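Per TrEMBL, these features apply:
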type     : residues  : note
TRANSMEM : B:7-26    : transmembrane segment
TRANSMEM : B:32-50   : transmembrane segment
TRANSMEM : B:97-124  : transmembrane segment
TRANSMEM : B:131-149 : transmembrane segment
TRANSMEM : B:169-188 : transmembrane segment
TRANSMEM : B:218-239 : transmembrane segment
TRANSMEM : B:302-319 : transmembrane segment
C-alpha cells in the first residue's frame, strides 16, 4: 500500500470511526450509570436517521432543520424508553433490565417498519455531499472531512459538560456509586434522563452521518452498527467516554484497512469487531481504558 | 433417580397419547404448527438449561441451531442435488461425501454443536453477566457471517433448499418428549443442583467446592447438543434454509418463550412455547388489513412483531417471574396434595 492510498484509508477509517464513536459514547454512559447494555440505543440512532429522512422527504425541511428535527425525535424516544421501560426496573435484577432493553430494541425496529413500510428508503443528501475533493493524489468526499470535525466538536462539548458543569459532576458521581449519591440528595432519575438525552442526541447525529455516507435506510440498520459500536465501547473500556471514542476509532480504522488489505475476505469485516472484542476481554477484561467495575453480575 | 410420581407418569402418558393421536385430530395447517411447537420446545428447553437453570445469560443459540440445520441439511441431500444447488462455488469435497440417514445426521448435528460449544466455553466463561451476553451475541453473529461467506459449504446467502422432508410429528414430538425428560433428569441430578447453585451465587458455589467453569461448560455443551438436533429438525421441517433464518431474531423468540414461561421452569418453557409459537400464528391477522370498529386500515406487515415486543416488555415490567416462575407443574400438584 503506497502512502497516498494509506492516507486515504486513514481518513476513511477516521470518518467511520467517528460514527461508531458517537454511538459508543451513548452505550458507555448508560452502562456507566445504570450498568445496562442499552440494546435499544442503536435503534435510537436508526430512529434519528428515519426522522431526518421523513423531515426532508415528506415535510420538505432543509438538512439543517432535518438534523434538529431528528435530534428532537431521538431525544424524545430516548427519554420515553427510559421512563416507560427502564425506570420501573431500577431495583430489579439486571437480567430483567437487559431483556427489557432487547424488547425495546425490537419494538422500535418494528414500529418503524410498520410506519415506513418494509422497503429500504434512500436518503437524498444535498448535492454538496456528492462532490469529490482532490488533495494531492487522494480523492475525498466532503463527508469524510466533515464527520470527524463535527465529532471532535461534539466531543469537546461533551467533555466540557462532564468535567466542568454541575450535571457532569453528578453523572460521574452516579457512575461511581448510584446508591450513595442518591442518598445524598441528587435526583438520580433526572441525571439518568440527562444521560439519555446526551446519548440520544449524539446517536441522532451519528444516524444522519450514516444516512449521508450509506444512504440506504432500513429499520434494522441499527442492529449491526449497534453491536459493533458496543464492541467498540467495551474495547476502549466501558464506562469511559474517551475509551469509547478510542475504541470507535480503532474499530473504524481496522475495518477500513482490513478490507483494503484483504479484499477477498471483505465479507468477514463485520466479524472483526467481535474477534477483537473477545481477544481484548481475554487479556484485559476491563478494556483498554476500562474502569474497574466490581465483577459484573445480575 | 427418585421414583416417578403418579403425576409425572400421567403427564408423560397424556403427552405421548396426544402426539400419537394428533394426526387424526388436526388438519395439515394444524400439524405444521404442532411440528413447529415441538421443535421449539426442544430449542427452548435446551436454551433454558443454560439461561434459566445455570443463570448464564447467553445469546447465541441461533449459532448452534444454524450449525445443526446446515449439517443435517447437507447430510440428507444427495450428491447430484448438491451439485445442482451450489451456484456460487462447487461444494467442498467433504460436503459432497457427507451422506447420512436421519438419526446419524441429527446426532452428528448435535455433536458438532457441542464441540463448538466446548471450544467456546473457555473464552466465553472468562467473563460474566453483561459481558457474557455481548460475547455470546458476538459468536452467534460470527457464525452467521461465516455461513454467508463460505459458499463452498453453505451455498452462501442463497442457502439450501429441497431438503427431503423425512420427518413427521412422531419424530418431532418424540424427540421433544425425550429432550424434556432428559433435561428434567439433568436438572434434578447432582449436576442440576450445581447449575442452580452457580445461578444463585457463583462465588458461594465456588467456595463450597463446585468447579463453576466445568458446570457451566457442561450446561453449555448439553444445551448446544439439543440446539443442534433441534436445528436439524427445523431444517427438515422448513425444507429451505438460509443464513437469514438464524439471525438474532431466533434467539429473541426463544428468549421470549423462556422468560414468559418462567426462567428455569421446564413446564413454563412448554407453556411459553405453545403461547408464543401458537400465538404468533394467531396474531397473523394483525399483518393483514384490520377492521377496527368498522374502520378499515391498510395491511401493516410487521405489526405482529410490534405487539410481540410490547408483550415481552410488559411481561418484564409486570410479571417478572413469568407464568410459572421457577416452579414445575408437579410442584403445584405436590402442594395441593399436602
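Cβ coordinates come from backbone N, Cα and C, glycine included.
Just so you know, TrEMBL annotations are computer predictions that nobody has curated.
Among the stretches B:32-50, B:97-124, B:131-149, B:218-239, B:302-319, the one making the largest number of Cβ pairs under 8 Å with the transmembrane segment (B:169-188) is B:32-50.
Packing against the transmembrane segment (B:218-239) from elsewhere in the chain are residues 32, 35-36, 39-40, 42-43, 45-47, 49-50, 53-54, 56, 58, 61, 64-73, 76, 102, 105-107, 109-114, 116-118, 120-121, 124-125, 160-167, 171-172, 175, 179, 182-183, 186, 191, 195, 245: each is 6 or more residues past its ends and has a CB under 8 Å from a CB in it. Scored on C-beta pairs under 8 angstroms, the neighbour of the transmembrane segment (B:7-26) with the top count among B:32-50, B:97-124, B:131-149 is B:32-50. Within its own chain, the transmembrane segment (B:131-149) has Cβ neighbours under 8 Å at 56-63, 66-67, 70, 120, 123-125, 156-157, 243, 246-248, 251, counting only residues six or more beyond its boundaries. Residues of the same chain lying 6 or more positions beyond the ends of the transmembrane segment (B:97-124) and with a Cβ under 8 Å from any Cβ of it are 58, 60, 63-64, 67-69, 71-72, 74-76, 78-79, 132, 135-136, 139, 166-167, 171, 175, 213, 216-217, 220-229, 231-233, 236. Under 8 Å from some Cβ of the transmembrane segment (B:32-50) lie the Cβ atoms of residues 19, 22, 26, 56, 58, 61, 65, 167-169, 172-173, 175-176, 179-180, 183, 186-187, 195, 219-220, 222-227, 229-231, 233-234, 237, 253-255, 257-258, 261, 263-266, 269-270, 272-274, 276-278, 281, all in the same chain and six or more residues away from its ends.
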